[in-house]
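Features reported for this protein in TrEMBL:
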- 9-200: domain 'Membrane insertase YidC/Oxa/ALB C-terminal' (DOMAIN)
- 272-305: region 'Disordered' (REGION)
- 6-29: transmembrane segment (TRANSMEM)
- 82-103: transmembrane segment (TRANSMEM)
- 131-150: transmembrane segment (TRANSMEM)
- 171-189: transmembrane segment (TRANSMEM)
Amino acid sequence: MHVNLGLPWWGAIAACTVFARCLVFPLIVKGQREAAKIHNHMPEIQKFSTRIREAKLAGDHVEFYRASSEMTFYQKKHDIKLLRPLILPLTQAPIFISFFIALREMASLPVPSLQTGGLWWFQDLTLSDPLYVLPLVVTATMWGVLELGAETGVQSADLQWMRNVMRLMPLAVLPITIHFPSAVFMYWLSSNLFSLSQVACLRIPAVRSVLKIPQRVVHDSSKLPPREGFLQSFKKGWKNAELTHQLQERERRMQNHLELAARGPLRQTFTHNPLLQHGKNPSPNPPNSSSNKPKSKQPWRDTLG
């Protein structure tokens, strides 16, 4: 586009980004359909999830497998795959990696025309932004894309832990990406703006009807679990992970115990040292009634009478 159409490099990068995103738009629509389907069945799914979680924490294997089987049957009946809306947008990863590597290599050569193909304060696309405006704007738009679920459409409380991790991603990668060439940020910014425009468009009822995306059912808030804050959700997830680890450790020890029992008789164990009296200092010699008697000056009289 830069050579044939005469577009400046910043315009060519933006145009190629929009073209590539349009090619994968059908996958985004499919992901939105799956997300809407999951949302409409979310109350029942969360009931199963609650039963599974409580049975796992209680160590009730019968209830755990029963609830898991019922949830699997329910998902097959309604063709629900919880991770499908999250996996479909990952098909964009090869496109992102290709653009990233190509633009970074072109900037490191450098391609001479890139040095004057920028815009406003970032005229040289081979260098990083001297004002750090592009990295901050890209970070803000990336956070907006992840928060709105622009790529997946999934805003489930059941996947809240995943959303919490994704919220930290923009800030986590900022120290690494802040010195990238401006050409890379030009692509990244164009892609994020396309995603935000995409989610705004897909929220229009007429557009959703044309694309055959199911309308989202408005659930009664009393039937859904309350939304948790970031810290509360993080603490709850950490506590559940600790409990899960403890249960797995207990099951592992029980399995080892059963394996030892199958090999031969078990070694007797005690709660305390059986050689010591529990709670008392042991005496070096056991008390003897004969030793407490006073010694006689004529011991033969005790024997002969």
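Residue 1 is the first one shown; counting continues down the chain.
Every residue, even glycine, has its Cβ placed from backbone N, Cα and C.
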By Cβ distance under 8 Å, which residues at least 6 away from the ends of the transmembrane segment (171-189) in the same chain are close to it? 9-10, 13-14, 17, 99-100, 103-104, 106-108, 114, 118, 122, 124-129, 132, 134-135, 137-139, 141-142
Averaged pLDDT score, the domain 'Membrane insertase YidC/Oxa/ALB C-terminal' (9-200): 81
Same-chain Cβ contacts of the transmembrane segment (6-29) under 8 Å, 6 or more residues past its ends? 88-89, 91-92, 95, 99, 103, 113-114, 117-119, 125, 151, 183, 186-187, 190-191, 194-195, 198, 202, 211, 213
